[in-house]
């Protein structure tokens, strides 16, 4: 009898050990999968000079940028296109296009490289263990990293084809000496434009990637509300999410505002130059304005879409919590009682790996966003209430907290949501109409 009991215990312990091994293998495979994606992303960022971890890499990155993105096209414009007739080439157009293109690319390189040098790739994307990284979400993280490359290619390749076609047409109508020299100029200008565009769009798509990771976390938080946990755990997790959004807002607010201003100024200059010019505007001397405007607008739209999406998802948590509270309140007392006996420590498959919020977490100096400071958010404790009263207390506390802290991406206190995006759109259209009204005139006779 004792032997059979020992055999059963041995079998049970071996099965438990096997389950632990399977779980560790799954976690390792998940971590390996997302690590490969992160390594591929980091390699891409190193190639284009975003990872500036030493003085040598900083000098190499900025020298490469100045040579390829600025000096090379300036050299070609000065020594090969200086004697081009005005009807085929307008030098001021080329210089203005190069100035705005280099400006947005340089600021993108400066902003992203500064954050990567300060935090590293994993902390910059909030996928390290100290930020509550969850292995169950690794497959979604890896998919979003793949979408980063897909989004970059989808928007860059069509613009690259247009740019190459434009340079080819200029080569036909404005040959520069021998054929090999004209082809070399075409390749050099295309490489310079591609390099600048990749750097600019990479900054925009990285911001989109960071916001998409937070969207995954907010979706995960909505699933977490379906569990019957202590109200403090819900609030702690939401505090963690809003704290991450505060950090993201602080890191990208200057980049966001600068990009909006530069793109607006670029469009303003393009409208003034093309409508106020009395010469001939054709595909050779005016097409670069269109290509540059498309690339800049694409980058701006990517950032606006990412910011509004994460803000909308953060604000949508209130409706999810309201639905959860309504369904839980309408449930029977028996169901509520059985649900309330669920172990609080079992976070379920959907909850991220618990990172205990120590006292240091609540006493950080939240200089990144004073409005998002959690020092003013009291965490309620469990009281000896009845099942129904406890459910009502949980739901009321969660709803009041979520409505008072909607979260989302903010720029100096302004939340970037759909209403603000509509305002920005109409302001841009009004600016375009104003400039057209001032530059397009019709003679009275």
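Cβ from N, Cα, C; glycine included.
Under the heading transmembrane segment, TrEMBL lists 55-77 (among others).
Annotated transmembrane segment per TrEMBL: 97-116 (among others), in sequence order.
Under the heading transmembrane segment, TrEMBL lists 148-165 (among others).
Residues annotated as transmembrane segment in TrEMBL: 185-210 (among others). Within the same chain, residues 44-45, 48-50, 65, 68-69, 72-73, 76, 80, 101-102, 104-105, 108-109, 111-112, 124-126, 144-145, 147-148, 151-152, 155-156, 159-160, 163-164, 167-168, 171, 176, 248, 252, 255-256, 259, 295-296, 298-300, 302-303, 305-306 sit at least 6 positions outside the transmembrane segment (185-210) and bring their C-beta atoms closer than 8 Å to a C-beta of that stretch.
Sequence-distant contacts of the transmembrane segment (254-272) (same chain, at least 6 residues past either end, Cβ-Cβ under 8 Å): 96, 100, 103-104, 107-108, 111, 203-204, 207, 289, 292-293, 296-297, 299-300, 303, 307, 411-412, 416, 424, 428, 431-432, 435-436, 439. The feature transmembrane segment is assigned by TrEMBL to 254-272 (among others).
For the transmembrane segment (284-307), the residues of the chain that approach it from at least six positions outside its boundaries are 88-90, 93-94, 97, 100-101, 104, 151, 155, 159, 162-163, 166, 169-170, 173-174, 197, 200-201, 203-205, 207-208, 210-212, 256, 259-260, 262-263, 266-267, 270, 273-274, 408-409, 416, 421, 424, judged by C-beta separation under 8 angstroms. Positions annotated as transmembrane segment by TrEMBL: 284-307 (among others).
Summarising the annotation, TrEMBL assigns transmembrane segment to 394-414 (among others).
Sequence annotations record features per position, and here TrEMBL assigns transmembrane segment to 420-437 (among others).
Residues 49, 91, 94-95, 98, 101-102, 105-106, 109, 113, 185, 188-189, 191-193, 195-196, 199 of the same chain lie 6 or more positions beyond the ends of the transmembrane segment (55-77) yet place their CB under 8 Å from a CB of it. Using a Cβ-Cβ cut-off under 8 Å and counting only residues 6 or more beyond its ends in the same chain, the transmembrane segment (148-165) has close neighbours at 41, 44, 186, 190, 193-194, 197-198, 201-202, 205-206, 208-209, 287-288, 290-291, 294-295, 298, 302. Beyond its flanks by at least six residues, the transmembrane segment (97-116) meets 45, 49-52, 58, 61-62, 65, 69-70, 73-74, 77, 124, 193, 196-197, 199-200, 202-204, 206, 251-252, 254-255, 258-259, 262-263, 265-266, 269, 288-289, 292, 295-296, 299 of its own chain at Cβ-Cβ distances under 8 Å.
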